[in-house]
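Here's the structure, in structure tokens; my notes come after.
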Amino acid sequence: MSQVFNFSAGPAMIFPEVLQKAQNELINWLNQGVSVMEVSHRGKYFMELVTQAEKDLREVYNIPDNYRTLFLQGGARGQFATIPMNLIGKKGKALYLNSGHWSATAAKEARNFAEIDEITIVENGEQTRITDLDFSHIADQYDYVHYCPNETISGVEIFDVPNVGNAVLVADMSSNILSRQIDISKFGVIYAGAQKNLGPAGITLVIIRDDLIGNARKETPSIWNYATQRDADSMINTPPTFAWYLCSLVFKHLKEIGGLEIIEKRNALKAQTLYDYIDSSKLYRNVVAKENRSTMNVTFITGNPELDAKFVAESTAAGLQALKGHKVLGGMRASIYNAMSQNGVEALISFMKKFETENLPQ
């Protein structure tokens, strides 16, 4: 079978080295004669895995000692409700910065639990761009300020951290977590579904500052209560052990290849290579301002929906999978998360050049 490159927005590709290791020990994990999927989540070997996974994650992401890591379920959508249930306090309201589909969806869910103010920070003119990120003059009115630093659908990324003064900043990093080095101390809570850069779907990572745990409203279900999950080591219920195991392999692999310093350089090169070609092309166009172009999700169009559909069909046949844009926006989208290689990007560009030659209007 010829090589296939998977540009899916999520669940996304996982490092081949990680998948190979998982395959090698699938039915005989740690020479126990059983799969990791078959052992007790509270047994000696799995608890050692959990401890090592957290240690590796903390090292790779440089997580401060006064932050806890929780491995939960429910995806980012679950956190859309969990955040207000745990963080709304005396001020009784939160501020949501709307940069696109997912930040708007988070705000809509949060309104079921609290008073939510929403400010649009994206301009959709000839080019899509992020506006002012200084909210220090109003942030202290709110229990927290929420934003999504990478919008997968539109391919918009916010590289600067919003200025919220001393307010609690909450970030949905589902699509750019572990893609570059960040200062975690600037955030109160970071959360992310696993299925883009952490591992397979099923695990939701929450990184939360210690002082923000223990303030949940009394009717919060125990499974969504950060304090309960902290005290139970994220095991108030039986966790998705295989997903946790694969995440542990990803963290270890990131360490082995040099950490986020290396990953950040690789990601920047992949994205720049693809954007440079799109900008030089006479057929394709990206509508996001250069300073806000996503490193993870590269969107592009031909300007002709029928030609877009033809591109998707022919690229799929050529072994370039999942390039169809989100139904909300259309066009094409190449998701080039951590596990995507430079070779994959070069293969995509090679196909794009061929398609342009064959389909550019005369």
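Quick reminder: no glycine exception, Cβ is built from N, Cα and C everywhere.
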Identity of the pyridoxal 5'-phosphate-site residue among THR120, THR152, THR220, THR228 (reference: ALA76, ARG77, TRP102, ASP172, GLN195, ASN237, THR238, source: Swiss-Prot): THR152
Packing count at ARG77 (pyridoxal 5'-phosphate binding site) (other Cβ atoms within 10 Å of its Cβ): 15
Chain-internal residues near ALA76 (pyridoxal 5'-phosphate binding site), provided their CB is under 8 angstroms and they sit 6+ positions away: TRP102, ALA106, ASP172, SER174, TYR191, ALA192, GLY193, THR204
Surrounding CB atoms that lie within 10 Å of the CB of THR238 (pyridoxal 5'-phosphate binding site), all protein chains: 9
Distance in Å spanning the most remote Cα pair of ALA76, ARG77, TRP102, THR152, ASP172, GLN195, ASN237, THR238, given for pyridoxal 5'-phosphate: 31
